[in-house]
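Below is one structure, written out as structure tokens, with a few remarks after it.
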Amino acid sequence: MSLNNSSTVFLDSVPSHASRFQVNVISESHESSVAADGNTDPPHYEETSFGDETQNRLRISFRPGNQERYDNFLHNGETAKTDASFHAYDSNTNTYYLQTFGHNTVDAVPKIEYYRNTGSVSGPKVNRPSLLDIHEQLAKDVAVAPGSASRVANGDGVPGEEQTENKEEENQSGAVKFGWVKGVLVRCMLNIWGVMLFIRLSWIVGEAGIGLGVLIILLSTMVTSITGLSTSAIATNGFVRGGGAYYLISRSLGPEFGGSIGLIFAFANAVAVAMYVVGFAETVVDLLKESDSMMVDPTNDIRIIGSITVVILLGISVAGMEWEAKAQVILLIILLIAIANFFIGTVIPSNNEKRSRGFFNYQASIFAENFGPSFTKGEGFFSVFAIFFPAATGILAGANISGDLEDPQDAIPRGTMLAIFITTVAYIAVAICVGACVVRDATGSMNDTIISGINCNGSAACGLGYDFSRCRREPCQYGLMNNFQVMSMVSGFGPLITAGIFSATLSSALASLVSAPKVFQALCKDNIYKALQFFAKGYGKNNEPLRGYLLTFVIAMAFILIAELNTIAPIISNFFLASYALINFSCFHASYAKSPGWRPAYGVYNMWVSLFGAILCCAVMFVINWWAAVITYVIEFFLYIYVTYKKP
């Protein structure tokens, strides 16, 4: 290939070769013709060759002339290095300057593989290297391996040094990698089907009613679905490494936003561990109450059981991702059996004991009575929403371990969106079924039956033969509003629901305990906050963040001491909503700015939907708790200013 820019062109007669790449640089201005008449030194030419005859070695040949200007170009066998101050030609002279931003450029023929969608049947999609990837490799004086230069010149190689090193390390070390089912779908479903499904959803239906309860579920799903679409779009835009949500945000909006939201997101996952463990401990304490085996009192028993549980979970996490993934699959099977057991229990005829506790099977009168809201003192739509919303926040459980996925670009969109759909259907089905079978208040006494001829108070239970009117004057222990173990009572076999609660809470706690250190480690590796560099070190073939595990353990233990689930849940909702708002905004920002590097392969995406999702998240934050939202955004702003000022 020759560059011909003037009338005085000297074409070098070089025999053509099928695998040879050649650049001839010639004089380009009109002065060259004048200089040629009065100067005995002919024009200078540079030839860069990648050929088989040189054994794939980078070679520079010089034409007659002043060879001293090329002395800064060093040749060491298979290695070619360039000095940062080296320029092949001075831009002030009449010569053609064959460099861009100080780097020699090699233009490859466009390849169709770079422009395919991820789901194309025509062939696999190839990731395009960015200019930054190419320039970084040249700037680091990386040795050109035999044959690699010609592959990059032809567009077949991957010039990104980190990608090559990562793939080699993975192949050599035998690191465990997961597909979209085990790595994303299973993990997201387990995290979404958490503590709220079994021990808070019935209470939410009792407070908000079936109508508003389903609306709360759909509103939560709207937020998570839009965030899922934005996450999928960002994940299919380029190569995704470890770091999950932090990596997606920092590479789209920059380290200023990524550093602030990454820190908050990791902290939210650490607090989520405490929430799930407290939910597990609540169930154990309820079992201890039934058998009169309390250790101290309910609150301190929750703290003791929660502390022991989080230590065991820490041991499983430290054992490695492979063991953690196996435990997740077993827990999912138990969870699915427990959910099926609940639906079977709703059609099994109720007995006198269950009737006294408010369960009458499917009744139209109960459905009608429970359809509208009946908020108790201090509760409202958004306060109940704040307690439920953490149940939907497991959508990034798969993305958070992006570095452990075989193909994050395919696994994250497919697994995340399918998990949202399946879990939403399950939540709505459980809410409707429990609302149509169980009354809001029940005494639990089989003596509260109504004798024929006595006036009825008009409630659904009264029409079915029970008088629970004294629950209006004094607190009762059973019914949707009072008993957190309603699903266990309704089910066909109670212990299976207990096993499901253990499975849901422990699996969600385990997923959060893994996610928080992974995100935090990626944040520390980027060295955005100098003081946190200590936590960047990984151990073992999977680069496990053991130091991050210990930090997450300390944070979780601190919140377990609160021992109150309804207090911890709104805190988590606030931080997760902030994270989701920024993920949606980053997607909108990249689209609206028409960034040349923004070409997501995920088709189901619209930037205005992402903007709506970001605004919705911010609005819900302020409606739930305005002062907590203000504190969250002040923290984000402070971290943003810090990173902008320090410029790490």
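We count from 1, first residue shown onward.
Glycine too: its Cβ is placed from the backbone N, Cα and C atoms.
Those TrEMBL annotations? Automatic predictions, nothing curated.
So that you can see what the record holds, here are the features copied from TrEMBL:
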- 30-56: region 'Disordered' (REGION)
- 90-157: domain 'Amino acid permease N-terminal' (DOMAIN)
- 147-172: region 'Disordered' (REGION)
- 183-647: domain 'Amino acid permease/ SLC12A' (DOMAIN)
- 192-219: transmembrane segment (TRANSMEM)
- 261-281: transmembrane segment (TRANSMEM)
- 302-321: transmembrane segment (TRANSMEM)
- 327-348: transmembrane segment (TRANSMEM)
- 380-399: transmembrane segment (TRANSMEM)
- 419-439: transmembrane segment (TRANSMEM)
- 546-565: transmembrane segment (TRANSMEM)
- 571-592: transmembrane segment (TRANSMEM)
- 604-624: transmembrane segment (TRANSMEM)
- 630-645: transmembrane segment (TRANSMEM)
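Between the transmembrane segment (419-439) and the transmembrane segment (261-281), the number of CB pairs under 8 angstroms, six or more residues apart, is fewer than three, so the stretches are not in contact.
If you look at the transmembrane segment (192-219) against the transmembrane segment (302-321), you find fewer than three C-beta pairs under 8 angstroms, all six or more positions apart, and that falls short of contact. Using a Cβ-Cβ cut-off under 8 Å and counting only residues 6 or more beyond its ends in the same chain, the transmembrane segment (571-592) has close neighbours at 223-224, 226-227, 230-231, 233-234, 237, 245, 248-249, 252-253, 257, 261, 264-265, 267-268, 271-272, 275, 386-387, 389-390, 393, 396, 598, 605, 607-608, 610-611, 613-614, 617-618, 620-621, 624-625, 628-629, 632-633, 636. For the transmembrane segment (604-624), the partner stretch with the highest count of Cβ pairs under 8 angstroms, out of 261-281, 327-348, 380-399, is 380-399.
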